[in-house]
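**Q** Could you have a look at this structure, given as structure tokens, before my questions?
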Amino acid sequence: MSQKQMKEAFVSNHNGTSVLEVTQGLCLPAFCILCRGLLIILSQHLCSSHTWKTRFFIDFVFLIVPLVATLTILSSFVLLEHLAVIILGAGLFYQIYCRRTCCARMPVQKILEKFMKISLESEYVPAISCFRVINSAFTAIAILAVDFPLFPRRFAKTELYGTGAMDFGVGGFIFGTAMVCPEVRRKYTEGSRFYYLTKSLYSVWPLVFLGVGRLVIIKSIGYQEHLTEYGVHWNFFFTLVVVKLLTSLLLIIFPLNKSWIVAISTIVLYQLALDLTPLKRLILYGTDGSGTRIGLLNANREGIISTLGYVAIHMAGVQTGSYMLKKRSHVKDWIKGTYCILLTAISLFISLYIVQVNVEVVSRRMANLAFCIWIVASSLILLSSLLLGDIILSFARFLIKGAVVPCSWKPVQLSATNKKHSESLVSEAERKEPSLCLITAMNRNQLIFFLLSNITTGLINLLVDTLYSSTLWALIVLNLYMFTNCLVIYVLHLQDKTIKLW
């Protein structure tokens, strides 16, 4: 076998892991982000403000390093990681509570009553930004780590059926993008429907360019490919293009608050087509039943047909984004919102069990009903974990006056006197420390981060024999790779630069 064939075989024919293990791994970054926020609050109280180098180091250690460890050497000890992070978080919170400058002599019950009456303010919902960044960081690590023996094969993309950790990355990206799409943010509020559709068509050309560019480069250098992932010519950029165009058309026809109905209808009809028509056989074996790749449809059947499943995921993300961006200011309103999202996630996991037993198990290759339910349920679990962490972090900020944590809510008193004081206090502190935050940096230039990760992954694979790399060497390469990518994005953010391709 050639080197290319060996690498292709190394990432093929895997059956995934359990839904529970993927869920455990997804929730860990949410707790790490909470610990990072608590550490920033405590360190601000104990010492002077941080430099950008210190803040970058803290963000990298709490956001990136745990993800690298979870996907490699600590993959079998996720529960122990959770325990360690929870103990660290509890210790940091206890220290903050003991050093509180607000309500210093009040009992706990009175402090909680006062906290429930405050307002939480932010230009955006921090949990959505964190969700998108976690998914981007996870994807960036996984696309390189999968080529090393250190990466557990159960986390790799599944061949036909099953739930691999990498299978979530694609669906999670679609879901995260949908939550902040122009329709949800009401970006196109003026003009006719034709104008809106024209804007949507114009916005996809960079993705077409990137998809074609990736195809040309991959074919010209003979880079390894997982053929049954999307097909011969298709790739994820083309899936994004089709999903964007179809969902834009659907959102012109149907109201935004009915996106959940469109999502359910699309995926149910698609699953019925898989079960009652030759569509499933076409995806698996081609038009002649022998796995032919002759013709455009046969060559790219997985990528083309699976877009229907991703359309359903996108519409579910639109509905979630609309719900998340509803006007809420009080703490109790966000607690209710978090409870509703968590309850929906639990209901979807129960539905997933029923569907896998009675209909069909999860298949990323087909993006079937079970796959879509799994992606949405897992996304909502991560989102609810991040929201819970934000509420705890807001309470910690409430206890320490003037504490500033980038990418988090600002607690503001409701009474006129206190509100004015609190607003001026927070805004003054934030002016002194202008968004020294890796999360904000990655969220700001997410597409550039994704492209940079793909380019550096390709270069490393061409320069390093990943198949025979030792554990130590693989860890060094992975951490250096992520450090370089994150540093580039961080420096762009410090220079106040947002790179857009349209």
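Here the Cβ of each residue, glycine as well, is placed from N, Cα and C on the backbone.
According to TrEMBL, the feature transmembrane segment maps to 22-42, 54-73, 79-97, 160-181, 202-222, 234-254, 261-283, 303-325, 337-355, 367-393, 447-464, 470-492 (among others).
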**Q** Have the transmembrane segment (22-42) and the transmembrane segment (234-254) got at least three CB pairs under 8 Å, pairs 6 or more apart in sequence?
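**A** Contact between the transmembrane segment (234-254) and the transmembrane segment (22-42): absent, because fewer than 3 Cβ pairs are under 8 Å.
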**Q** So which of 79-97, 160-181, 303-325, 367-393, 470-492 is most in touch with the transmembrane segment (337-355), counting Cβ pairs under 8 Å?
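**A** Between the stretches 79-97, 160-181, 303-325, 367-393, 470-492, 367-393 has the largest tally.
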**Q** Of the listed stretches (79-97, 447-464, 470-492), which one yields the highest count of Cβ-Cβ distances below 8 Å with the transmembrane segment (54-73)?
**A** 470-492
**Q** Using a Cβ-Cβ cut-off of under 8 Å, list the residues of the same chain that are 6+ residues beyond the ends of the transmembrane segment (447-464) and lie near it.
**A** 7, 136, 139-140, 143-144, 147, 210, 214, 217, 221, 223-224, 477, 481, 484-485, 488-489, 492, 499, 501
**Q** At a Cβ cut-off of 8 Å, and with pairs 6 or more apart in sequence only, do we get at least 3 pairs between the transmembrane segment (367-393) and the transmembrane segment (160-181), yes or no?
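**A** Taking Cβ pairs at least 6 residues apart, the transmembrane segment (160-181) and the transmembrane segment (367-393) are in contact, with 3 or more under 8 Å.
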